[in-house]
Amino acid sequence: MIKIQDVAAYVLNRYGRMTTMKLQKLCFYAQSAYLTKTGEPLFNEDFYAWVNGPVSPDLFALHRGKFFIYPGDLAADTKVLKADQIATINTVCDDLSQLSGNTLTRQVQGEKPWIDGRGGCDYRSKPTRPIPKSALRSTTPVDPAH
């Protein structure tokens, strides 16, 4: 099974250095687009509605303490990605990679999965339940059918 770090490493290899905040959002939107397109998750790891947008704790653990992340920073196997998965990731990232992590954060904070996932938490708290994968379907700002 594909892991989130495989997707993140692919994104970094293709698009280069970026903030960890931006990488988290691109992986979130890739998951959303793939779920919308196929009904199946791209990877099993969950996202939580942290104050600055959705975060996968699994990916966060791999870049904790870093502001920027670079190609080669993640131990991953990008060869496990299939052509349809790569096409979806490329569609999402081609459309969104020119946006900053802050812009992507503001965008996702206006979307239902993040709002519902916060569940009324104050700004210092982290939700204890993940954003349901079913909530990610049809929330991508990109047409995954490209």
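Heads up, the Cβ atoms here are built off N, Cα and C, so glycines get one too.
Feature annotation from TrEMBL assigns compositional bias 'Basic and acidic residues' to 115-125. For the compositional bias 'Basic and acidic residues' (115-125), the DSSP-based tally of helix, strand and coil residues reads 4 helix, 0 strand, 7 coil.
What TrEMBL records for 136-146 is compositional bias 'Polar residues'.
The domain 'Antitoxin SocA-like Panacea' annotation in TrEMBL covers 23-114.
Per TrEMBL, region 'Disordered' is recorded for 115-146.
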Distal contacts, the compositional bias 'Basic and acidic residues' (115-125) - CB-CB under 8 A, six or more residues away: 47-49, 51, 54, 109, 131, 135
DSSP-assigned states of the domain 'Antitoxin SocA-like Panacea' (23-114) in counts, ordered helix, strand, coil: 51 helix, 8 strand, 33 coil
